[in-house]
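Below: the structure, in structure tokens.
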Amino acid sequence: MALIRKTFYFLFAVFFILVQLPSGCQAGLDFSQPFPSGEFAVFESCKFSRGKCRKECLENEKPDGNCRLNFLCCRQSI
């Protein structure tokens, strides 16, 4: 009886470890493509929600620091 319970817990733990691994599908926000209009998708806010992390800033925005990798923190020009 104890062997069955230990086996069940082991398989249960292995299942949750395998679920956490990426499936190879690149359908997340990190891999999203630009919109048809040429604007890049907004990923997240930056600097206490004072801007948006983008690949390129829009015409009415100015770069104000970096977010991650090669993304810029874009703020509205005043």
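Backbone N, Cα and C define each Cβ position, glycine as well.
When Swiss-Prot is consulted, the disulfide partner of Cys53, picked from Cys57, Cys67, turns out to be Cys67. Annotation: Cys74 are the disulfide-bonded residues among Cys46, Cys67, Cys74 whose CA atoms are within 10 angstroms of the CA of Cys57 (disulfide bond).
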